[in-house]
């Protein structure tokens with residue numbers, strides 16, 4: 001309804017205008033009409049025919065028209081009534097653009113006759129357009145450093161309408177920082193200017209949204225808006241700020257490379273490069289920290305660059321810089337404290353000082369051998385060390401007054417002869433979890449002290465020496481050893497000599513002081529000397545010197561150096577020759593005579609065998625090879641010769657046998673003559689027997705005395721242990737002989753026998769004893785005994801036997 005009212009008023013207004021124009025045209029002799037824009041098609045503008053005084057009836061015939069080059073003219077003339085009509089809606093802003101007065105000149109033509117009339121039509125403006133800005137949204141960038149009073153000219157708003165319907169004023173939305181000024185530039189319109197009245201702070205408000213409104217002069221006015229977005233440009237006026245006042249962190253040593261220690265964080269209220277923060281180590285950071293740590297310049301992560309050792313340093317303080325990327329960068333520093341926690345990564349270290357590599361064996365318990373210091377680079381329990389030494393040695397560790405110091409001392413007496421060197425393993429173990437330990441081995445040599453006397457390998461020594469030895473030749477050797485070493489073990493030998501009767505033979509002995517070889521300066525004769533003893537002293541070269549002695553028993557072994565001696569028969573001139581008369585009527589087995597012989601040697605060498613070397617008739621006489629008895633083998637006959645010659649060979653049993661011969665002449669006589677001759681012979685024989693008995697008594701007395709002396713000496717000698725000369729050296733023999741006589745006795749673990757010149761059946765000779773030692777096979781008695789083995793014993797010899 002309001003719109004219709006407006007249209008009616010508009011039409012009345014237009015009509016009035018047309019009348020006024022018409023009156024003005026008449027007055028000025030020119031037709032001029034006016035019409036408002038946007039009127040409907042067919043609206044009458046004016047009656048041209050009437051105003052020009054033309055006849056309406058002729059207009060059609062004369063083809064009254066408007067001449068226009070436009071294909072779509074705005075106006076046309078009705079030839080019937082001569083009225084000017086609007087052909088289509090007129091948009092003044094399209095026709096006249098921004099002209100203040102919009103006049104359209106129309107050329108009308110009449111033909112027959114040709115008349116041309118000019119009609120001027122003014123198009124009147126209506127407020128049909130609102131103001132509009134070239135940009136719907138305007139973005140301004142103003143630095144926060146711009147001072148108040150700064151002016152920022154904006155593009156003006158445009159309104160297609162003119163006159164009072166154009167832009168008349170501007171309004172700015174309410175804000176605290178800007179105000180609006182308008183500059184009137186006349187025909188160019190009004191120019192809006194934005195004025196800064198309060199300083200900007202991007203960190204407080206980063207942007208401001210404003211609305212600029214343009215108003216025209218219509219009633220009601222039309223308006224147009226422009227959104228203004230003011231972005232406050234940052235100025236690098238803020239330094240980076242760290243998120244924490246103190247950065248403190250604890251890490252363990254030996255953390256893997258690349259481990260993040262801590263991440264620092266700093267913010268900058270500025271924006272862009274002014275607010276981009278990068279991190280770095282401060283200028284005060286030394287090269288050492290650059291090798292241990294690294295920092296990410298973008299994220300601020302501090303990472304481990306190489307292995308960290310608590311023992312080198314337990315705390316690091318790093319200055320970190322946070323800088324922005326402004327043209328004039330602003331920087332803030334912050335300290336990062338990194339505490340290093342100890343890890344048990346160091347084994348104890350053992351150091352041996354004041355070490356005595358050698359210690360005398362007579363050192364007292366508690367003698368210091370070495371000083372030992374133990375160190376562990378770790379701390380706390382990781383650095384607490386317990387030190388020990390292996391227990392199976394005569395040494396121990398004594399803690400010192402100073403921490404982690406020990407004395408290695410002896411805890412029991414030493415004996416170099418039992419152990420001359422000790423390898424001591426010292427173990428140091430800390431109290432960490434898991435514990436670490438280390439070992440150190442040192443060698444301690446026990447030096448020798450002359451605390452051992454020389455010891456002989458045997459005590460006593462028993463040697464057997466064959467008689468007739470070569471003077472000056474080595475007979476036997478004694479050997480002593482000393483458990484000490486070097487000079488303390490260097491042994492020299494000498495024979496203990498004194499003036500006693502028992503030691504008189506030592507003057508004929510000599511000993512090599514270096515090797516203990518003993519030599520005799522004379523030859524021994526078994527028949528003169530059968531045994532003797534002496535002492536050898538072995539002394540070392542220590543200071544003071546120690547010595548020991550040993551008894552040496554020497555037995556002289558017999559050699560076959562005496563030939564048998566015929567005792568019977570012996571002629572008056574001393575030859576072994578005799579005559580025996582026997583009756584012809586004797587029976588077989590009659591004892592003709594007995595050949596008696598003596599050999600100064602003993603054993604095999606003194607055992608005699610008899611054999612017939614020569615006989616006239618082997619069938620008449622027989623000879624007992626062991627007793628020397630000559631007996632008849634058969635009765636005599638008349639054809640047997642009256643005289644028979646028997647040559648008897650007496651041979652000892654030595655390796656190289658010695659022998660003697662005896663000749664017996666056997667005469668056969670008649671029985672009567674035999675009795676007479678028997679009396680004479682008995683008398684002669686009695687004398688002869690007396691001589692033989694005398695010799696036998698002397699021999700037996702000598703042998704008995706020698707036997708008793710030998711028993712006393714041998715019992716004293718054999719009280720100590722002796723070498724076992726049992727069947728290890730013996731071989732069983734089947735020799736069937738008889739000893740003339742034997743005396744057995746026991747001393748210690750040896751058995752001795754005095755024997756005559758012949759051997760009993762079953763006796764055995766020791767092969768290594770020079771045929772002088774017998775062993776009786778399993779016929780020992782529990783006590784000493786004297787057993788007669790044969791008759792006619794002449795000489796005796798002492799033989800030793802092993803049990």
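Each residue, glycine too, has its Cβ placed from N, Cα and C.
Per-residue pLDDT, averaged across the domain 'Cadherin' (27-133), gives 82. Per TrEMBL, domain 'Cadherin' is recorded for 27-133 (among others).
According to TrEMBL, the domain 'Cadherin' annotation covers 134-242 (among others).
Per DSSP, the domain 'Cadherin' (243-350) is made up of 9 helix, 47 strand, 52 coil. According to TrEMBL, the feature domain 'Cadherin' maps to 243-350 (among others).
Under the heading domain 'Cadherin', TrEMBL lists 351-456 (among others).
For 457-566 (among others), the entry in TrEMBL reads domain 'Cadherin'.
Here TrEMBL flags 581-680 (among others) as domain 'Cadherin'.
The transmembrane segment annotation in TrEMBL covers 694-717.
Counting residues per DSSP class in helix, strand and coil order gives 14 helix, 44 strand, 42 coil for the domain 'Cadherin' (581-680). In the domain 'Cadherin' (351-456), helix, strand and coil residues by DSSP number 4 helix, 53 strand, 49 coil.
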